[in-house]
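Annotated in Swiss-Prot:
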type	residues	note
BINDING	GLY13, GLY14, GLY15, HIS16, ALA17, GLY18, VAL125, SER180, GLN370	FAD binding site
BINDING	273-287	NAD(+) binding site
Amino acid sequence: MFYTENYDVIVIGGGHAGTEAALATARMKLKTLLLTHNIDTLGQMSCNPAIGGIGKGHLVKEIDAMGGLMATAADKAGIQFRTLNSSKGPAVRATRAQADRVLYRQVVRIALENQPNLDIFQQEVTDIILEKDSVTGIETKMGLKFRAKSVVLTAGTFLAGKIHIGLENYAGGRAGDPASVNLAKKLRDLNLRVNRLKTGTPPRIDARTINFDILAKQYGDEKLPVFSFMGSVEQHPEQIPCYITHTNDQTHDVIRKNLDRSPMYTGVIEGIGPRYCPSIEDKVIRFSDRNSHQIYLEPEGLTSNEVYPNGISTSLPFDVQMKIVNSMKGLEKARIVKPGYAIEYDYFDPRDLKSTLETKAISGLFFAGQINGTTGYEEAAAQGLLAGINAGLFVQEKESWFPRRDQAYIGVLVDDLCTVGTKEPYRVFTSRAEYRLLLREDNADIRLTSIARKLGLIDDIRWARFNQKMENIELERQRLRSIWLHPRSEYLNEANEILKSPLIREVNGEDLLRRPEINYQILTALTPFKPAMEDKEAVEQVEIAIKYQGYIEHQQEEIERQKRHENTAIPANFDYKNISGLSNEVCAKLEQYRPISIGQASRISGITPAAISILLVNLKKQGMLKRGE
């Protein structure tokens, strides 16, 4: 039986990817349906109760710059905020928030339930309905079918999910939730490459049984940051500390003695786990020279007694988990309320996706989140946003959009996945971006908000505030450029008192601000340059743009050189086999990956510069040498 209403877009899954996808298409004024197996777990933080961090915070800011929800939810649920790498350059500074799980979930649900053009329906999806090679809808477990012009699948760890605790295992999407078995079977019948990955989570501890008095405290920043451009410190709930303990020789002995009961070390788990979030078993074996590992005890909320021990993710049996926990300082009498576990799940090779996250094999079907081989809430949300945007553009028969590597970390993430693929859970780092000085947290709105406005994602209030900020930046730069200080000025002595070397030539405000000993606050305390601008965000942009001008211009020149052929399009039906000069290996890889541009082709492992030159020559010969936008 078909549902009485038809939809433009159906989103399957109510996690971080699904919520951003559904909100994006609904904001684009498209009739959207979000299907979830449980409405009460919309926006659930399945693992660590935190948002942001190195690289991840950049993604959150980009999602926010394009009208997404994650930053706002973090601001309203964050119970400890910190700016990481605060002593380093602006490119690698990152915001991180410890979040209250309940508050976060509430913010997400309220946003979804109050979003125009968005319906929510609780039911497990068991099949994707296809006509030839195009998606036309979905079928649910109860037999009810829904028609749609496009479908976004954000299944997380639910596809054929299997939970492991010791040598025991059972089907599950995460603790307390069923796996999506039928849909996983149906998807395996499609012309898509599928494999298995693994992730894990630590046991949760009862805070009432922890001796916090003997543990080191970690407080958030005194000057609290915010995630959202439209956010404020006043939105933050009560701020509380985290605590720090350590593993020790006793902990490590317990782990080593019980490896024969570990599903990872006995071969029961075949999926590959996240490199940058290893289990405690992995850490003890891989870093055998270390006799201690730092463990952060992170509260799960203001109204919860659960504590998340960040650093002891494990799939060892429960009795071993108890010994591990009780071996650590402050946790000698601690009680576990939820056991840790590992989970294996299906993921699809992201090289079978276009850069829009639409599957190459099935028109109108988009994948986002862990189904594409990533790990992390932020990576999932970023993909959900992009998949939602492109599902919406697909329905409207408009040109698709995806950011370039020099435009956003979302662009880096998607290009890495779709070009190179991944055999282990992929996470974003600032080190993955070639042009990270341009991809800072602080300028995410400048990079992306104008684009998001054209896509229909930005409301009038945000747009007006964004334009005011841009105007403030330009006016202040003009003001600083127009004020000159010369060696005969009556203000010379005032300036020389703060300068490391006295003025010997005429300079303007921007020249002075470039000096390492001068910042905006110091500059605008000088009589000629008073008063300081009140817009703190605009001030930050003015200072960074001036101080890093040379470096920024150098990166922009590098981008222009790279762009010369980066966007040179390769036709979808281009015949690589008939190009003389390409090795069989290169030809096979190009046939397999089907890159859409020369830039994408150049990032495929094994594709040499010589092969790229041959490709360009042949594209020119065949009259196909066209540059993308």
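Cβ coordinates come from backbone N, Cα and C, glycine included.
Cβ-based crowding with a 10 Å cutoff singles out ALA17 as the top-ranked of the binding-site residues ALA17, CYS277, ILE285.
According to DSSP, VAL125 (FAD binding site) is assigned to a strand segment.
When the binding-site residues GLY13, GLY15, ALA17, VAL125, GLN370 are ranked by how far their Cα is from the Cα of ILE285 (NAD(+) binding site), GLN370 comes first. Put simply, GLN370 is the one of the binding-site residues GLY13, GLY15, ALA17, VAL125, GLN370 whose Cα lies nearest to the Cα of GLU281 (NAD(+) binding site). Of all the binding-site residues given, namely SER279, GLN370, the one with the smallest number of surrounding CB atoms inside 10 A is SER279. Non-local neighbourhood of GLY15 (FAD binding site): GLY43, GLN44, SER46, THR154, GLY156, GLY369, ALA380, each in the same chain, at least six residues away, with C-beta under 8 Å from its C-beta.
Taking ALA17, VAL125, GLN370 as the binding-site residues under consideration, the smallest Cα distance to CYS277 (NAD(+) binding site) is found for GLN370. Rounded to a whole number, the C-alpha distance linking GLN370 (FAD binding site) with SER279 (NAD(+) binding site) is 18 angstrom.
Sparsest Cβ environment among the binding-site residues ARG275, LYS283 (other Cβ atoms counted within 10 Å): ARG275. Cα to Cα, PHE287 (NAD(+) binding site) and ALA17 (FAD binding site) are separated by 34 Å. Taking the C-alpha atom of LYS283 (NAD(+) binding site) as reference, the shortest distance to any of the binding-site residues GLY13, ALA17, VAL125 belongs to ALA17.
When the binding-site residues GLY13, GLY273 are compared by the number of other CB atoms within 10 angstroms of each CB, GLY273 has the fewest. Take the Cα of GLY13 (FAD binding site) and measure to each of the binding-site residues GLY273, ARG275, SER279: the nearest one is GLY273. For VAL125 (FAD binding site), the same-chain residues lying six or more positions away in sequence with a CB closer than 8 A to its CB are ILE12, LEU35, ILE138, GLU139, THR140, LYS141, SER180, LEU183. Between the farthest pair of Cα atoms in the FAD binding residues (GLY13, GLY14, GLY15, HIS16, ALA17, GLY18, VAL125, SER180, GLN370), the distance is 18 Å.
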